[in-house]
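Each remark here refers to the structure printed beneath this line.
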Amino acid sequence: MANLFFFQSSKSFMSIAFLIQKTVPFCFHCNADVVTEFIEGLVETYPGLQYLDGFPLVKVVIRSDVSSSTYEKVAIISGGGSGHEPAHAGFVGEGMLTAAICGDVFASPTVDAILAGIRAVTGPKGCLLIVKNYTGDRLNFGLAAEQAKSEGFEVEMVIVGDDCALPPPRGVAGRRGLAGTILVHKIAGAAAAAGLSLLDVAAEAKHASEMVGTMGVALSVCTLPGQVTPDRLGPGKMELGLGIHGEPGAAVTDLLPVDVVVAHVLKQILSTETNYVPITRGNRVILMINGLGATPLMELMIAAGKAVPIMQLDHGLAVDRVYTGSFMTSLDMAGFSISIMKADQKILQRLDAPTRAPSWPVGVEGDRPPAKIPVPIPVSRPTNNEEQLSRPQQLTHQGRILELAIEAAVSSVIELRDSLNEWDSRVGDGDCGSTMFKGAAAILDDMKKYYPLNDAAETVNEMGSSIQRVMGGTSGILYNIFCKAAYAKLKTSSKPVTAKEWADALEASIAAVSKYGGASAGYRTILDALIPACQVLQERLNAGDDPSTAFVLSAEAARAGAESTKDMQAQVSFCVDCH
């Protein structure tokens with residue numbers, strides 16, 4: 001199953017497009033025990049959680065370190081219908097919820113289950129029930145609260161209705177409880193962990209519930225267990241303000257650019273006409289971008305990136321915290337919601353307080369640093385005269401030898417262009433010679449202009465830069481790695497560089513190419529020529545041979561190694577001219 005947003009670049013008319021494909025490789029939704037099996041998996045994943053052994057009627061997740069007989073702080077209990085994971089069970093943990101009461105999918109938990117949760121975790125300081133504003137939840141939690149009070153428990157209840165999508169309601173229904181409820185959980189949980197009384201914790205939770213507003217947007221409705229996904233919207237349509245159970249929203253419209261959608265949602269939440277949240281210009285706020293179940297994190301981050309500057313520039317708000325992820329989903333609904341909460345120092349303190357709840361994101365407290373900083377400039381390499389590297393006016397003896405060696409090598413490569421292309425055409429795309437020619441020609445041209453030939457290390461480094469500029473694909477990367485590794489070794493060498501130091505640099509280069517390319521001897525790559533060449537060079541120098549003789553023998557070993565690849569079976573895919 002895949003329900004995907006496609007957010008194109010805003011610089012190319014960013015738009016939200018919709019693709020929905022339905023395949024069912026595993027029949028999770030056909031299982032009547034889906035909620036109980038979810039809970040079993042949850043507690044196996046997070047050892048800090050337990051569940052009450054009352055399946056299937058009692059589905060309650062609790063903190064494993066809490067017992068009603070020993071708990072000395074206010075218990076925070078929430079819950080509701082399942083299908084909104086990680087809400088609510090994923091937010092059970094020290095510093096957040098003490099228990100989560102899980103109903104069946106999109107169905108309020110029973111009174112018996114709520115009572116079981118209250119009895120399991122509520123100590124002498126009482127418990128606070130945080131309930132989303134749905135009739136079934138209000139009634140069932142309310143009845144359980146009254147029953148618990150009659151049993152001697154101290155119980156308070158706060159109802160959260162943070163929906164800002166619909167006009168101000170008339171009657172008893174009120175605003176629906178949405179993702180802003182999670183922020184209320186965190187604030188209440190932190191207040192309880194700080195040791196506050198039940199009335200004080202309830203007061204903070206109620207205050208937080210009055211400071212938050214939420215609105216969602218979706219491109220599909222969710223798939224209920226065992227049912228076919230309804231096609232209420234149809235292709236090319238999106239819905240603004242629908243509920244977390246798939247209830248119809250405020251409007252259905254054509255697909256719109258993501259920045260337009262975000263701006264509309266923010267304007268609706270912050271509307272001074274409805275006055276759903278007491279937020280005005282100059283206020284500090286918290287932003288939550290919540291995925292509804294089938295929206296990739298990448299797309300949620302795009303929405304967050306659009307929302308912050310709109311809030312800052314268009315609404316004059318200081319965004320103190322941003323939480324982006326899936327907090328309260330709607331099964332497999334494709335979409336997201338935006339929640340905004342007015343912040344004060346106490347609310348920020350509660351949000352920043354530590355928690356062991358597995359699904360609460362790790363936040364960063366304190367002032368927000370700038371989102372964008374300059375790209376670092378490479379550290380300039382020191383030179384003797386502190387000037388930019390350039391070709392010396394007068395070459396030393398070693399500089400002249402290095403120049404001649406480079407000229408001879410690149411001239412050979414240039415002459416072999418057609419032959420290399422012909423050989424490559426028999427097994428590949430026939431451009432190996434042309435690719436090698438580009439690199440060789442660039443080295444030859446750049447050497448005449450600015451290679452610091454009297455400095456061997458810097459010269460090798462500049463060769464890598466020349467190659468990187470003109471040779472694409474795998475070949476350019478491999479040869480540049482080769483040169484960079486040699487440079488790193490040579491820059492600590494003596495001046496002039498000895499034959500043994502050149503051999504050590506070759507060995508370091510081979511090791512780097514093998515490490516990053518993933519090949520070694522016998523893989524039918526350039527290493528089958530380089531490795532024997534390096535081995536022979538090291539052996540002859542260690543034996544005391546004249547360096548010129550050692551290098552000649554090394555070249556012969558390289559040729560023999562290359563010839564040996566005729567009878568090898570290739571084992572890796574990188575080659576010298578892949579693009």
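Cβ atoms here come from the backbone N, Cα and C positions, even for glycine.
Whatever TrEMBL says is automated annotation, not expert-curated.
Under the heading domain 'DhaK', TrEMBL lists 30-360. Taken from TrEMBL, the feature substrate binding site applies to G81, S82, G83, H84, K132, D137. Among the features that TrEMBL reports, region 'Disordered' is placed at 359-393. Residues annotated as compositional bias 'Polar residues' in TrEMBL: 381-393. TrEMBL lists 400-579 with the feature domain 'DhaL'.
Annotated features, which come from TrEMBL, shown on the structure.
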residue	record	Cβ neighbours (10 Å)
G81	substrate binding site	22
S82	substrate binding site	25
G83	substrate binding site	28
H84	substrate binding site	28
K132	substrate binding site	29
D137	substrate binding site	24
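Residues G81, S82, G83, H84, K132, D137, recorded as contacting substrate, have a largest CA-CA distance of 15 Å. The predicted model assigns the domain 'DhaK' (30-360) a mean pLDDT of 93.
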